[in-house]
């Protein structure tokens with residue numbers, strides 16, 4: 001059989017008691033073999049002979065010292081010692097007897113929190129009052145008993161609920177209630193435990209900026225201009241055996257007026273998108289009669305039309 005030195009799972013807590021009321025000091029201890037327990041006040045071993053009216057008990061690892069009606073003479077520093085063949089351990093606390101009273105008051109209240117699954121959670125309160133209030137923790141109205149999963153810790157005015165590993169089912173409303181002979185006070189909070197969730201894949205988006213839109217519009221405009229220029233009008237003039245070619249850009253074609261005299265004669269080609277005019281010296285003759293004929297227009301001069309009308313004024317001999 002293995003041995004284990006005594007260990008206090010829950011040490012003594014200091015107590016403030018109103019004169020004439022009951023006061024209890026208790027501690028939870030473990031060890032193998034089961035330790036023997038002794039009580040002391042200000043370094044002296046306690047017994048009924050030394051301190052009349054006290055009640056001492058030890059059962060299932062719980063060591064208890066109870067005074068049914070305290071007086072100012074009971075005030076002092078109390079200790080409990082646990083001893084076995086593997087070692088010993090001691091826990092100490094104060095007992096203060098007062099004639100004053102004060103209701104419980106929370107100096108530090110519970111705080112709501114959100115945690116991830118598997119996290120350790122600690123809910124703390126700090127309470128004052130005369131006599132020192134007793135504090136209990138609740139979840140959804142049900143009192144929480146101290147256990148390895150939910151440990152209740154007390155040190156002076158500080159009281160804590162420690163959840164070793166939180167799960168989503170531990171979410172809910174928690175409260176701490178402090179009570180003494182003068183009154184009662186409660187503090188509440190909400191605990192939310194978030195479970196593990198799959199992280200969704202990020203969606204990609206194509207964002208068209210104003211610069212991209214402007215660039216696209218500029219490209220379309222350039223293509224339209226190139227197409228327009230390829231089908232733009234050309235104007236050619238032949239004069240005295242010399243020919244010049246002028247390309248017009250976005251300007252409507254200039255159609256030369258019909259000649260009203262016989263000198264010089266004019267030849268005019270008309271089309272929807274191009275015009276060619278020729279000027280030649282006139283021929284002398286007694287009479288001149290205009291004739292009309294149709295000739296095809298070269299596509300190189302008029303890409304948009306296949307034929308156009310030619311009017312010539314040719315003198316008849």
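All positions are counted from 1 along the displayed chain.
The backbone N, Cα and C atoms fix where each Cβ goes, glycine too.
Assigned with DSSP, the residues of the domain 'Ig-like' (6-98) fall into helix, strand and coil as follows: 3 helix, 59 strand, 31 coil. Taken from TrEMBL, the feature domain 'Ig-like' applies to 6-98 (among others).
Under the heading domain 'Ig-like', TrEMBL lists 104-192 (among others).
The annotation region 'Disordered' is assigned in TrEMBL to 241-269.
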Residues in the domain 'Ig-like' (104-192) grouped by DSSP into helix, strand and remaining coil: 3 helix, 58 strand, 28 coil
